[in-house]
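In TrEMBL this protein carries:
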DOMAIN    54-123  domain 'Cation-transporting P-type ATPase N-terminal'
DOMAIN    176-272  domain 'P-type ATPase A'
DOMAIN    789-955  domain 'Cation-transporting P-type ATPase C-terminal'
TRANSMEM  103-128  transmembrane segment
TRANSMEM  140-159  transmembrane segment
TRANSMEM  290-314  transmembrane segment
TRANSMEM  344-370  transmembrane segment
TRANSMEM  836-855  transmembrane segment
TRANSMEM  913-933  transmembrane segment
Amino acid sequence: MIRSHAHVIRAALLFRLGGEQQITTPPTATGDYAIGLEELASMTRDHNISSLQHCGGVKGLSKMLKINLATGIVGDENDLIKRMNTFGANRYPQKKGRSFLRFLWEAWQDLTLIILIVAAIASLGLGIKTEGLSHGWYDGASISFAVMLVIIVTAVSDYRQSLQFQNLNKEKQNIQLEVMRGGRIMKISIFDIVVGDVVPLRIGDQVPADGILITGHSLAIDESSMTGESKIVHKDQNAPFLMSGCKVADGIGTMLVTGVGINTEWGLLMASISEDTGEETPLQVRLNGLATFIGIVGLAVALSVLAILLGRYFTGNTKNPDGSVQFIKGETTVSKAVDGVIKILTIAVTIVVVAVPEGLPLAVTLTLAYSMRKMMADKALVRRLSACETMGSSTTICSDKTGTLTLNQMTVVEAYVGKQKINPPDDPSQLQSQAGLLCEGIAQNTTGNVFVPKDGGDVEISGSPTEKAILSWAVKLGMDFDVLRAESKILHVFPFNSEKKRGGVAIQTADSNVHIHWKGAAEMVLASCTGFVDSNGSLQSIDKEMDYFKVAIDDMASCSLRCVAIAYRPYELDKVPTNEESLGKWVLPEDELVLLAIVGIKDPCRPGVKDAVKVCTAAGVKVRMVTGDNIQTAKAIALECGILSSGADAKEPNIIEGKVFRAYSEKEREIIAKKITVMGRSSPNDKLLLVQALRKGGEVVAVTGDGTNDAPALHEADIGLSMGIQGTEVAKESSDIVILDDNFASVVKVVRWGRSVYANIQKFIQFQLTVNVGALVINVVAAISSGDVPLNTVQLLWINLIMDTLGALALATEPPTDHLMHRTPVGRREPLITNIMWRNLLIQALYQIAVLLVLNFRGLSILHLNQDDRKHATIVKNTMIFNAFVLCQVFNEFNARKPDEINVFKGVTKNRLFMGIVGFTVILQIILIEFTGDFTTTVRLNWKQWLICVAIGTVRLVKLPNFIGWDISTQVNSGSALFYLQFWFDA
């Protein structure tokens, strides 16, 4: 809406200005600057070219803003503060997240809890009326307190997860970018940009603020995020205005920042919206469906119990603990009858509360939030929640080589200048007359920068790792970067293209000669060369020496070196387009080149990559390398990393070139894709074709990428993994997860966490359904047979709290284990409840039901309570059932930790949160039994009764033979002694 209004206002303003013949007013000085905030912001926002010309163009504007276009702002603290105070900071007011009170309100909206609150109020009033104030308030107050506790715990849990998601969203927005300050390129946060900053722009970058183009070559901007139109807009001196939030689609350039934060249209737009954290993942959708189904079953059971209890009550079959009938027709007062009905209604509603598994969606939220936070510590920023789950199902990872499998710390270790091998490669004495042209090509055909401090400190080199390696080599050979840049004028730039694997620049020298310099993949540049410069500076034909250079490239590639060729060609000045529009469309000639040098750049393998690849292989995840490098270089690195096990594997189709793969038909690609382990000289489109072929073959594909052209493959893959250091903003926005340290080992950690999310949800499902089945069956059977339930409202609400909130918190935050990486990937359509889970769930539930029903119907005789007062004996029996049931759930949490392992206590002491929740639950249970009898309708138990409850809780399943195809194997812990022995042994 804001954008639409802005366009309407702008159109009206332009119409008016057209009628007034574009009358402009001179800029107004503000403080230390010759132009004010409003004039500057409106000039950029309205794309007012006449106002810019009135200021003297970008050069005149730079003087008004007190900056040097070549070196940027001074950048000291006083300068930055002054600019922020005058023109604002690059931040915008964000909508506040929902407050804790809002979460309380939402938790209270649950219909079953509202019914319980109404029942509690009615029970409170009737209790006080019938039993007096001293004792009559117990039941109503107990229910009210239990309900409030559930609401508060739910609200606190949801609020904490909301804060975690907010923090992760802030991290996503904190983009790091390069600016020129004081003559040097430095990396800063997007929030630290100020008006006057000079910002270099490259393909894939996000325009960090509103600004004006200083210089640009083939610069094209995707303004769809602001205008809604998908058309790419070309920027030059006739259309110099750049809008914050847009993406660089092509070319390179530098911009002068003129508007930041709320003074940009992007800032206004972002201030009016809030980050949506309400994304539902596929697993959440499935669990919501499961929860709804269980809730319907629970509702049906509750209605059945309600009907049975009401029928028994009004037919006189419901008795008090002392044996007296509760309802006698014609004798029982209306208030007592209403009181009885309310108690029955409360029990039925409580059964619904227990039956509806609110904890299932909560467990997903908890485990996702916990995993996202821990993944952040493991250098992985999750952009889409669903990726956490999907990563656990991945069957193959298509990884880049440079910077992911390697360190991205490049150095030139071999060099051929002309036909001469320079040894060592940075010895300037071995260079003769070729040095001038070579250094000119390196200095001009680069997006990097060399900064020489005036105080004589170390030279600072910026740019991509490859650029830095070549610039460092040239500096050691004696290149004076600033002098060479000043001696010639750049006419046109062809930015490095991942399809052509090269980049070029046309320059005009001081003596009006035109040189076109090219740099790129060695064998591709070499194929375009017709000559080379020998050690005497003479031009020689390359025909006879072509094999020599090819062998040199192969030798370097086989040593896992990246091979880059540097070449040039002279060009006639009169053939260069003169007007700006033609120059912008000029295609640089790339034939008849003269070879100047071939360099071999070493980029060592990352430590730990070989182990990470082994872990993936053991986990059933195939690692494939997809790289733009020479096939020999790719092969050498793949062997070093363990992706290829031996040289014997290095043959087609295991190792293949991109051009060969793309030449196959779609059906052939599907068959061959599964066999491919290494793809060399691949273009971004080859990577996309590989991903599509693998997905059609049923693979769950994770892909790494860092360039703008990788965006289609990242988007197509099941999980897109972009690189946080070398990745462009376009790549990051197309990805699901950002690997902050560009390390393949971090990708493997993401797989572990993905599997952990799924495993933790399964643990909680097993735990929750066991409690559900147990509580429902016990109450239903008791209600039908005796007209009363052993677990009353307050007790059921306490069980609900243990089961839903505390249980979810304990099991959803289990850290990943090595055991997870010894399984095969989880299929995307695999059922949530596995055969092993069904086994554990049913037998655990049957065990609990059997034991507790025996206590319910034979408890008085088993506990030798037949001689006691019947009312007191019934309360003792029900207390024992309640206590034993709770302790069953406490120890069942240990069962649920390791559904498919024998030793359920392994590593339990390392999870302090789990131990804390279990300890907290047990302590609260003791307090509940021993000190709150009046509120919970319980009595104190002696040590023998406590021991019986503990023994019931700690018993586990006996090793049983296989039946109906299930793998039945688990152990027995007969009593508390063995439990504590195993627990402390593990600790």
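Please read every residue number as a count from 1 along the shown chain.
Placement of Cβ uses the backbone N, Cα and C atoms for every residue, glycine included.
Nobody curates TrEMBL annotations by hand; they come from automatic prediction.
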Other than its close neighbours in sequence, what residues sit by the transmembrane segment (344-370), given a CB gap under 8 Å and a spacing of at least six beyond its ends?
-> 110, 112-113, 115-116, 119-120, 123, 143, 154, 157-158, 160-161, 164-165, 281, 283-284, 287-288, 290-291, 294-295, 297-299, 301-303, 305-306, 309-310, 313, 385, 388, 756-757, 760-761, 764-765, 768-769, 771-772, 775-776, 779, 783, 789, 792-793, 796-797, 799-800, 803-805, 807-809, 811-813
Model confidence over the domain 'Cation-transporting P-type ATPase C-terminal' (789-955) (mean pLDDT, whole number) = 85
Secondary structure tally of the domain 'P-type ATPase A' (176-272) (DSSP, helix then strand then coil) | 17 helix, 50 strand, 30 coil
Secondary structure of the domain 'Cation-transporting P-type ATPase N-terminal' (54-123) by DSSP, residue by residue, totals 42 helix, 3 strand, 25 coil
